[in-house]
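Undergrad: Provided herewith is a single structure, encoded as structure tokens, for subsequent inquiry.
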There are 2 protein chains.
Amino acid sequence: MKVYFVSDGTAITAEVFGSAILSFFDIPIEMQSVPFVNTNDQANGLKRQINLEVANGNAPLVFYTISDILIREIIQSCDAHCYNVFGDLLLPIEKALGVKALPTAQKAHGMKAGVYDARIEAINYALANDDGASIKNFDQADIILLGVSRSGKTPTSLYLAMQYSIKAANYPITEDDFSAPGLPKVLRPYKKKLFGLTIDPDRLHEIRTGRMASSKYASPRQCRYELEEVESLYRQERIPFLNSTRLSVEEISAKVMAEMHLVRHRQ
Amino acid sequence: MKVYFVSDGTAITAEVFGSAILSFFDIPIEMQSVPFVNTNDQANGLKRQINLEVANGNAPLVFYTISDILIREIIQSCDAHCYNVFGDLLLPIEKALGVKALPTAQKAHGMKAGVYDARIEAINYALANDDGASIKNFDQADIILLGVSRSGKTPTSLYLAMQYSIKAANYPITEDDFSAPGLPKVLRPYKKKLFGLTIDPDRLHEIRTGRMASSKYASPRQCRYELEEVESLYRQERIPFLNSTRLSVEEISAKVMAEMHLVRHRQ
């Protein structure tokens, strides 16, 4: 089933909402985003295209977020099933707040002063402090992710920066770290910021094989050994940790935020 | 105004939807996400907390996405204004599709096989090909972003990877590139993949000053010079480009996707 996400902005809200509500249904979907629909002409062009698909027997679903009433009416008048993402909730919220909704285009994913700088700073921080690159900046970290190579540290750090403007450093635990007892020295002053990732040995073997097939690094034995050691380190040092095997980056990040009581720097 | 985003999953859908709909109102909001509410106990604990805030005269708004009927009813029965994000649209969509919604928890931001690997691969690609790091991989790129230092290439590459699983390389245009006419040699075979970023000179000066105050690099004169040159290069070579000054990473990415006719690798 083809699904259109139509918006006068980025269409991200329509995408997120539409894919979430469609995840309740066991049907394959083909997503097509149409962002920045800001003129009647653009809306009418899209309407013709959608009506043609309906006429050809391929009626799509349409989710939209559009502020301008005229443009909204053009989309709503397509022959397909069209859903206004905010449709039925704007009025009750107006009532609850005792404030009228602004008639101008809202910009849910537009640039917000201050917030934006915090976010870019967090992204730069994550990049500069990826893979233990710059341990001297750990005092600025909101969180330091630990884990063996390929257990999900880097994508998680970047997502925490992008979504929550959280400064996440990450530090790879390697075989060398297991020879001495306790935490690597550089981490000891930051114990409260540490959060561990682990992963199932089979999955780690699979991922590492994709990078470096038939290496000692990717061998089931090495993966098992490193994971046993790192989990025992987490337990001994009472570092909170989670297994990333069946989790998306979004889920890992949301769990880390909740467990570490981190507060987003974006509002 | 305090706003809760409550979910049995990551709460990302509730966050995105709730902040988007609240962007219609000119009120400051304080966002609090409560992800992974999966038991009656958790829901009742949250209900007590919310009711206490209401009793103290600070009634929050609550947006929620929860599949389990009992847990949903506990949240819905809080004394605050509570909004079921999917509330009124599930039934019409069931009708349109002729399919019943699944009773089990939907996982809008859970892990999807295949998709996940494409995404991690795209993130790794963006990191490995950041800042012209590895021009030998340009043939694998879905897109190559150009721009002078600090014009927004890196955050955009990472967002394209994270959100759309698009492999975005980026290549910094420096003063050296202006001495010879035309495109830098390494880019010439990939002309169709090129997309340029530019930015207002004042904003570039501000950003670069944050990195390296009072340097030639950050001087208004240098910023102006580089931007004039790079824009003239884009025009001469007919490379599509946009000005990132007043755009969020989401907006830049959505515009790049649309203009370059890129198709997401995530469904």
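Every residue gets a Cβ built from N, Cα and C, even glycine.
Taken from TrEMBL, the feature ADP binding site covers B:Gly147, B:Val148, B:Ser149, B:Arg150, B:Ser151, B:Gly152, B:Lys153, B:Thr154.
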Undergrad: Which binding-site residues (B:Gly147, B:Val148, B:Lys153) come close to chain A, taking a Cβ gap under 8 Å as close?
TA: none
Undergrad: Might you list, by sequence position, any residue in that chain lying six or more from B:Ser151 (ADP binding site) with a Cβ less than 8 Å away from its Cβ?
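TA: In sequence order, the residues whose Cβ lies under 8 Å from that of B:Ser151 (ADP binding site) (at least 6 apart) are B:Leu197, B:Thr198, B:Ile199, B:Leu204, B:Ser244.
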Undergrad: Near the ADP site, what residues other than B:Gly147, B:Val148, B:Ser149, B:Arg150, B:Ser151, B:Gly152, B:Lys153, B:Thr154 in the same chain have a C-beta no further than 8 Å from the centroid of the listed C-beta atoms?
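TA: Not counting the recorded site residues, we get B:Asn170, B:Pro172, B:Leu197, B:Ile199.
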Undergrad: Would you mind ranking the binding-site residues B:Arg150, B:Lys153 by how many other Cβ atoms sit within 10 Å of each Cβ and giving me the lowest?
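TA: Fewest other Cβ atoms within 10 Å, among the binding-site residues B:Arg150, B:Lys153, is found for B:Arg150.
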Undergrad: Looking only at Cβ atoms, how many others are within 10 Å of the one on B:Val148 (ADP binding site)?
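TA: Summing over all protein chains shown, B:Val148 (ADP binding site) has 25 other Cβ atoms within 10 Å.
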Undergrad: If you run the three-state DSSP split on B:Thr154 (ADP binding site), which class comes out?
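TA: SS state of B:Thr154 (ADP binding site) = helix.
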Undergrad: Please give me the CB contact count at 10 A for B:Gly147 (ADP binding site), counting all chains in the structure.
TA: 25
Undergrad: In which DSSP state, out of helix, strand and coil, do we find B:Val148 (ADP binding site)?
TA: coil
Undergrad: Tell me the Cβ contacts of B:Ser149 (ADP binding site) under 8 Å, same chain only and six or more apart in sequence, or just say none.
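TA: Counting only residues 6 or more apart in sequence, the Cβ neighbours of B:Ser149 (ADP binding site) under 8 Å are B:Pro172, B:Thr174, B:Arg208, B:Tyr217.
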